[in-house]
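S.K.: Below are the structure tokens for one structure; questions will follow.
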Amino acid sequence: MSTTIDVPESSNVAKGKAVLVAPPRPGGWKKGVAIMDFILRLGAIAAALGAAATMGTSDQTLPFFTQFLQFEASYDSFTSFQFFVITMALVGGYLVLSLPFSFVAIIRPHAAGPRLFLIILDTVFLTLTTASGASAAAIVYLAHNGNQDSNWLAICNQFGDFCAQTSSAVVSSFVAVVVLVLLVVLSALALGKR
């Protein structure tokens with residue numbers, strides 16, 4: 001008794017092997033760009049929300065005051081700082097909401113739709129971030145140096161903590177600007193080399 005079974009071929013022509021998985025499309029670097037995009041978005045979220053939180057909590061009251069007058073410096077005393085806090089919070093919110101689109105770009109690196117959507121909105125929010133950072137930087141400069149022509153005195157000699165917080169918030173916003181510029185450039189590279 002034999003334990004092997006012989007099965008003859010059904011036809012005279014030998015069949016070839018079929019490829020079950022299509023070979024990967026060229027341009028695997030796009031997946032690396034998409035991963036870098038996701039990581040940069042996380043960094044921009046930290047910079048934008050950190051700038052908004054730092055500026056939003058900047059408040060200092062001097063320890064001396066009179067019966068009718070108390071000396072206080074707060075972000076809500078300056079409309080440029082209010083604009084800064086609102087804008088940086090919006091930018092941080094947008095960046096959080098853009099993470100799923102960035103994740104789709106990782107899964108489907110050759111899809112142009114999510115990439116085009118991100119580059120348009122990244123450019124809009126880059127503009128907002130730059131505008132709010134520049135307006136806050138102008139006020140921080142005046143707080144540090146004053147302006148003799150308009151009788152604006154430098155207040156950072158008295159309100160050192162307030163000025164340190166607002167300065168660090170402005171620096172953090174410009175870190176977010178640099179990261180957003182990198183995101184726009186990465187998206188443009190991924191879209192351009194089709």
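Glycine residues also receive a Cβ, built from the backbone N, Cα and C atoms like all the rest.
So Swiss-Prot says this about it:
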TOPO_DOM  1-32  topological domain 'Cytoplasmic'
TOPO_DOM  54-82  topological domain 'Extracellular'
TOPO_DOM  104-115  topological domain 'Cytoplasmic'
TOPO_DOM  137-168  topological domain 'Extracellular'
TOPO_DOM  190-194  topological domain 'Cytoplasmic'
TRANSMEM  33-53  transmembrane segment
TRANSMEM  83-103  transmembrane segment
TRANSMEM  116-136  transmembrane segment
TRANSMEM  169-189  transmembrane segment
S.K.: Could you count the residues of the topological domain 'Cytoplasmic' (104-115) that DSSP puts in helix, in strand and in coil?
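M.R.: Grouping H, G, I as helix and E, B as strand yields 8 helix, 0 strand, 4 coil.
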S.K.: Which residues, given as numbers and ranges, are at least 6 beyond the ends of the topological domain 'Extracellular' (137-168) yet have a Cβ under 8 Å from it?
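M.R.: The answer is 54-55, 57-60, 62, 71, 73-75, 78, 80-81, 174.
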S.K.: Could you please provide the mean pLDDT value for the topological domain 'Cytoplasmic' (104-115)?
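M.R.: The predicted confidence over the topological domain 'Cytoplasmic' (104-115), as a mean pLDDT, is 87.
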